[in-house]
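Quick notes on the structure that follows.
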Amino acid sequence: MPGPAKMAKTQWPEDIGIIAMEIYFPSQYVDQSELEDFDGISKGKYTIGLGQSKMGFCSDREDINSLSLTVVQMLMEKNKIPYSQVGHLGVGTETIIDKSKSVKSVVMQLFEDSGNTNIEGVDTTNACYGGTAALFNAINWIESSSWDGRYALVVAADIAVYATGNARCTGGAGAVAMLIGTNAPLVFDRGVRGIHMQHVYDFYKPDLSSEYPVVDGKLSVKCYQHAVDKCYEHYSTKAQSAGFKHGPRLLDAADAFIFHSPYCKLVQKSCARLLFNDLLREHSPDYNDRYRGLEEYKELKFEDSYFNRDAEKAFMSACDPIFQQKTKPSLLLANQVGNMYTPSVYGGLASFIVHSTVEDLAGKRLVLFSYGSGLASSMFSIKVTDNVAHDSALHKVYENLSDIPFKLGNRIKIPPVEFDKIMKLREETHNAAPYTPTGSVDHLFPGTWYLTSIDNMHRRKYERKPSQSIVNGDVAVNCASMPRNSSLVRCSLIMCSCDNDILFKL
């Protein structure tokens, strides 16, 4: 049998990447400091130890279908994209409510009026990695002979919930929709994906009667960091060949490093881990500059480093200036909403975008790390266009995401005791049929889809809350209720003159 051969591609579609992007997260949250008191654990364990501030969560009115319906329709409406122009739709999720029917098939009801049923793709599942797999499938479709010139649409959505206990604080919920096409403002670097796949039981969901996972916490942290090391190795080799990484330092090859975020402190440790990898590859490290105080770790083996507290603290301290500049700006949604699972790394991308200006973003290279337990992981990169004209595609992406701080500030804080009741209700009614949800829809953001009923055949019905009113073509919003908290991230909502801030501490 003939072996694999490299096939020369004479013409690739130009600049495949993200043309439009939309984020959805729940309109209610629980404060992590208040949750510390409610759970009776030491003060600061969630807020300082894990780096979390708030956690978004869903009542029984929202499920994986409603989140996906909401984020897709919001993206299509904001960008005035005809549904007929989508030729591929893939959903990445680990929130499974049906073992056969895909979430994508539910989202197809949005396409009915357009008459467009000729759409490739279904769901992709592997813990938090499903969204990235769906994204790669979309890119590969555009690069293939199957591409018919239309857009690909990628949805990453999840509801992350845990049983009562210390792991519950690492939950969250959200959805991201990305429109993929050519001549994009956020272009995926071709041929530089670093992939690491491995069989391991660090986090998994074998009990289909429950939303809750089985988690080996210590093993999960080790697997995540090991995946960072392996993806660093594979990505670095390819980036070197591509010509945009010179020398042993990956940290100098990009302007941002955006990680999947189970919790913010792990991201900070992972950024420091890139410095550890850089050091091991330096032939003559400069111990008077970047590697000051790290001499004793030059011969440290990977296997001995994962739970070495002294090494961890030393590298986090040495890497802090890089973390502050290149990674912390990506943690807004992770800090304020929690772990969204499959959307997490793309929530980080959106956070980095709204933290910047269009001019600051232009020409930057962003390295992303995606991880899903079990395990699957990738490191890949995006190059931002240089076109900063007011009518450019980059401006459009930026404007579409700029309402994130406003929406974060306009959420409703739910006391931990009520949050606990809602979680118990979700647990007790999981897979119930027939079932009529009891959660209020009053607090839902305008334009949100929500569950109205489940009949005795487990068929789900949904309705949509009316979207915001339109005044002279612009969204009418009320900023009077926005909280005025100190923050590193200022509200930059287009058409909004408020001077409000979002709390963001790490």
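Glycine too: its Cβ is placed from the backbone N, Cα and C atoms.
The annotation active site, proton donor/acceptor is assigned in TrEMBL to GLU94 (among others). The Cβ neighbour count for GLU94 (active site, proton donor/acceptor), using a 10 Å radius over every protein chain in view, is 27.
Annotation source TrEMBL lists active site, acyl-thioester intermediate at CYS128.
The active site, proton donor/acceptor annotation in TrEMBL covers HIS260 (among others). Long-range Cβ proximity for HIS260 (active site, proton donor/acceptor), meaning a same-chain Cβ under 8 A and a gap of 6 or more residues, is found for CYS128, SER344, VAL345, GLY348, PHE369, SER370, TYR371, GLY372.
The annotation CoA binding site is assigned in TrEMBL to ASN166, SER220, LYS265, LYS269. Over all protein chains present, the Cβ of SER220 (CoA binding site) has 20 other Cβ atoms lying within 10 Å.
The annotation domain 'Hydroxymethylglutaryl-coenzyme A synthase N-terminal' is assigned in TrEMBL to 12-185.
Annotation source TrEMBL lists domain 'Hydroxymethylglutaryl-coenzyme A synthase C-terminal' at 186-465.
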Sort out for me which one of LYS265, LYS269 has the most neighbouring CB atoms within 10 A, since those are the binding-site residues we care about.
LYS269
Long-range neighbours only, meaning 6 or more apart in sequence with Cβ under 8 Å: which ones does ASN166 (CoA binding site) have?
ASP39, ILE41, LYS45
Counting across all protein chains shown, how many other Cβ atoms sit within 10 Å of the Cβ of CYS128 (active site, acyl-thioester intermediate)?
31
Could you tell me the mean pLDDT over the domain 'Hydroxymethylglutaryl-coenzyme A synthase C-terminal' (186-465), as a whole number?
96
State, in Å as a whole number, the widest CA to CA span among the CoA-binding residues ASN166, SER220, LYS265, LYS269 given in the record.
20
Cα-Cα distance linking GLU94 (active site, proton donor/acceptor) and LYS265 (CoA binding site), given in Å to the nearest integer:
23
